[in-house]
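Asks: Below is the structure I would like to discuss, written out as structure tokens.
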Amino acid sequence: MAETAGRLAGRGRPVARGGRWLALSLAAFALIATWLFGATVLVDRQATLEQGWTDAENTAALLAQHTDRVLRIAAITAERVEALIDRHGLEELGERRQPLLAALVAGTPEVSKLWIMDAEGHVAASSEGTLLLGQDYGRRPYFAPLLDGGRDHISGMIYTRPETGWYFTWSRARRDERGALAAVVVVAISSADMSQVAGGLALGPGAMLRLSRQDGTRVMQWPLPPVGAVLPSPDPLPGPIGRREERGPDGNERLLAWSSTPGQSLVAVAAVSRDHVLAPFYGRLLRNGLLFGAAIAIAGLLARAALRAARREAAALSSAEERGSALAFALAEREDLLASVQEGEARLRLAEQAGGIGLWDWDLRDGRLTLIGDVFLAWGLRIRRRVSTRAALRAVHPEDRPALAEALAAAVRGDAPLDIEFRLAPRRGPAGGEAADPRWIGVRAEVRRAIDGEARRLLGIALDVTARRRQALALTEANAMLERRVAERTRALADANARLREGEARFRGIFDATFQFIGLLSPDGTVLETNDALLRLVGAEAASMTGRKSWEAPWWPEEEKEAVRAAIRQAAEGGFVRREARMRAADGTLITVDFSIKPVRDEDGIVSLLVPEARDVTDLKVAQAQLLEAQKMETLGRLTGGVAHDFNNLLMAVMGNLALARKRLGEAPPPAVIRHLDAATLGAERGAQLTQRLLAFARRQDLKPSAVDLAALLEGLRDLIARSAGPRVTVATRVAPGLPAARVDPHALELALINLVVNARDAMPEGGRIELTVALASSPAGLPPGRYLSVAVADTGHGMDATTLARAVEPFFSTKGPGQGTGLGLSMVHGLAHQSGGALRIDSTPGEGTTCTLWLPVSATEALPATVAAEQPAPLGTGRVLLVDDEPLVLDSTAALIEELGYEVATATCAEDALAMLDAAQEPFRAVVTDFAMPGMTGAELAGRIGALHPGLPVILASGHAGPWPDGPGPLRLAKPFSLAELAMALDSALARAAA
């Protein structure tokens, strides 16, 4: 123990000296740690401010890009407005085409309103309606600057009324061929657009965004100034981009960055509060300062405890035993001191980790580095140990090593301080491959030199900037994506405008090319568009129609307006309307139209447009009426033909038997019998003529003009005219003596005169006077020079007004009630006059009567006297004749007539029996006489079969129908009723044709 105490006593002085050295070491460590902490704080503050600057610059760049897109949209909108001016004109666009401007604003969210000013500065058109029209804006900031020849101008901030708020304008001058100002298109961009952009950015309190012109005039800012605030004076910024610190209106410092739009028309400015930017730094400083202070305090306490321990150890070692005890006590306290130092170092390491910063010391004399901080663990290096420069560089990405080496060399030479960022070499990932994204490290350092200026050490910090790099990369990619989207949207907008222009041109071409009447209406019935066909109908210009209510348009007659208004109201509620209506043309003529209105809905299903359409069906209606009348006439013709056929069969039996009776009387018949037979024959012949007239009316046969004695024709019609006029009407006839014959179809003329007399009678329901006048007349207007006869039918009826007189000769036009007239009477008279080479003139005065004058050309030949030639004896024939008829009376009378001519007759009641008799005949027949209309096989079909089975056998068709017979070879035709002489002539002609 004594030996041990002696040894301990011998060591007392070194132990005391060791305590002092320990205290000095702890003090030195505290000073170095304090310097490093201060350097770290300064670097962290600068990095935080730099990040704030970067955020402000990126925000300004984004705002500039967004503003450029808005300005391009404003330019495109102005181009579309100019296109509307070219198409419709400035005056019409302001008065009647305002909905087009409103629709343009509604389809462009960036634009709040737009208006157009004329050369004097008066509002000519506005998207907000007609209230602003005519107001003088000549002194407004968006008009006056364009008077000096500029093309585009951007105004400062404007506030007019609460509903519009703050906005700025983009103006474009429209000039004429001489360069003089013609109009100014003004596009307003509201503050809502910038507020929306600011809302998407986390700028923090005290931040500010603004747009300025190059001269510093504020165009827009956020937050918005209060209403009535005086805007600051212009503050031009140096250069297209930059940054600086300034004091805000609240007296606090802020970081200001600016960036010009691509066209450099505006400057986008972003300002962020410096206090807001440094707030995270101050938080870290407080936390790390508290930890560092605690660590320094602990170190101080430990140093103080070490000094006291050393003093006690020196005093206690006066004896070996005391020195041994002191040494044991000192050793125990040293262990406690070392534990406290290790605890302080751990707390310092926690402070370094919390700051995310590593410290490094490069000794230039031996080329080795000392690394402190967990940030270097990502390098693959061991911290708190000296490593070689080569090992440190191996941790750097191969592509970044040359730049780092050059930066280190420049810092050592004193050319520039070390401030560089680089990537670490890729490390193996969990699956054995390389990690996807390398880490980025930023280093800064200062050189420590000896008294002679030689560089000895490089002291610096290392900061992991991977997150910031990734944010910057993401921001760059976002900017690139924004640029692409802006470009795509611009291209899409340009393409959409091109397609819109093409579609509008195609629509306008189809819209104006159609013959139908088409328009576009707003849901309240205001006319927006009218096509050319509708404008031609009323002889109007589009400008005079646009903006009016549709039911007030001149094409609607008074009685249609309320119905049109109701139809528009129904269509505006989503219904489809279709009805027949009447429209008035420019000359007052009323036309019938198929009218419809169809609603057009927008994307939300709301009715936004009405499409009225009308198709002129006047001709169709006339054609339908004509078809109906034609069908009635066809039915009448069929009925008349059937009746005439049966009547002719009866007349045939009567006339045939009368002829046979006359033949059987011998050579000296009693005169009274002859007179009675002649009267019966004449009556039958007149019945045949009446039947022919009925057939001619029903079948509308071609005219057969001949020389006609008009006086004799009127005399023959006297009784029929008197019966047609009725007992309450007096009929007078005046015929000039010695008149030449007229060239006309006598049957058609008789029918025309009867029609005129009937029309005159119907015009005098209470009775009156009809006068027929025939005279020689001069050539009327419109006819070739020559000799004409006039036949006038005058009445004392109610007459016709000008409108009725203008349509009097139209087919199927009638003023009579349903079932009382066909509307064909005057049309047939007009057609007769025209086909005969004459004319028809109608003179009428309401309340006085009507005179219809028919001009007919004079015939070049004389009229044949209306005498009945004495019937000559028919020549006798020989041979057998086959007679076919389904009517027994006609069969018997005709067979007797054929036998009277000397032929042997065989009879059949149908075509089938006739063919069987021809096949079975022992003696051939010389001719076949057959009825035309028979049940089963007709006479024409029988003739065809006979021609095929018995070629050369002549066939005669006897028919009670009138009408033309087809040209070319075929059986002879014999019209019923026929005389004995006509039958003989037909048989002779048929046999002669067969013999030839």
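Every residue, even glycine, has its Cβ placed from backbone N, Cα and C.
Sharing the feature lines straight out of TrEMBL:
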TRANSMEM  21-43  transmembrane segment
DOMAIN    418-477  domain 'PAC'
DOMAIN    503-575  domain 'PAS'
DOMAIN    577-629  domain 'PAC'
DOMAIN    642-860  domain 'Histidine kinase'
DOMAIN    880-991  domain 'Response regulatory'
MOD_RES   Asp931  4-aspartylphosphate
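I'd like to know what surrounds each of these features in this structure.
Replies: Across the range of the domain 'Response regulatory' (880-991), the DSSP-based residue counts are 46 helix, 24 strand, 42 coil.
For Asp931 (4-aspartylphosphate), the Cβ neighbour count at a 10 Å cut-off comes to 27, with all displayed protein chains included.
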Asks: Any chance you could find the range in 418-477, 503-575, 577-629, 880-991 with the most Cβ pairs under 8 Å to the domain 'Histidine kinase' (642-860)?
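Replies: Against the domain 'Histidine kinase' (642-860), the leading stretch is 880-991.
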Asks: For the domain 'Histidine kinase' (642-860), what's the mean pLDDT in this predicted model?
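Replies: Taking every residue of the domain 'Histidine kinase' (642-860) together, the mean pLDDT is 80.
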Asks: Count the residues of the domain 'PAS' (503-575) that DSSP assigns to helix (H, G, I), to strand (E, B) and to coil, and report the three numbers in that order.
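Replies: The counts are 40 helix, 11 strand, 22 coil.
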Asks: Go ahead and report the DSSP secondary structure tallies for the domain 'PAC' (418-477): helix first, then strand, then coil.
Replies: 12 helix, 29 strand, 19 coil
